[in-house]
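Participant: Following this message is one structure expressed as structure tokens.
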Amino acid sequence: MNYLVMISLALLLMIGVESKRDGYIVYPNNCVYHCVPPCDGLCKKNGGSSGSCSFLVPSGLACWCKDLPDNVPIKDTSRKCTR
């Protein structure tokens, strides 16, 4: 029984777990993408399921994406946009 648990744990660690999250998609400098080009295409191109235009204070209209993978950066409210 212990071998089965250890093998299962090892397989889980080897495979990895990819989570999906929602948020404002950003450039590497934590600045949001604005709504041009259309957000749905941008979000899908980056692995999300859909996207829409939403208002974010103080950035203005920005792309909100659903189900983005972990490797795509989303807005970190603790950091400023650095241009």
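Each Cβ is built from the backbone N, Cα and C atoms, and glycine gets one as well.
Keep in mind the model is a prediction, meaning the values are calculated, not measured.
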Participant: Tell me, from Cys35, Cys63, Cys65, which cysteine Swiss-Prot puts in a disulphide with Cys53.
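Facilitator: As annotated by Swiss-Prot, the paired cysteine is Cys35.
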Participant: Among Cys43, Cys81, find the residue that Swiss-Prot gives as the disulfide bond partner of Cys65.
Facilitator: Cys43
Participant: So how many other Cβ atoms are close to Cys81 (disulfide bond), meaning within 10 Å of its Cβ?
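Facilitator: Step by step: centre on the Cβ of Cys81 (disulfide bond), count other Cβ atoms within 10 Å, giving 13.
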Participant: Taking the Cα of Cys35 (disulfide bond) as the centre, which of the disulfide-bonded residues listed as Cys43, Cys63, Cys65, Cys81 lie within 10 Å of it?
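Facilitator: So the list reads Cys63.
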Participant: Under DSSP, is Cys65 (disulfide bond) part of a helix or a strand, or is it coil?
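Facilitator: Strand, per DSSP.
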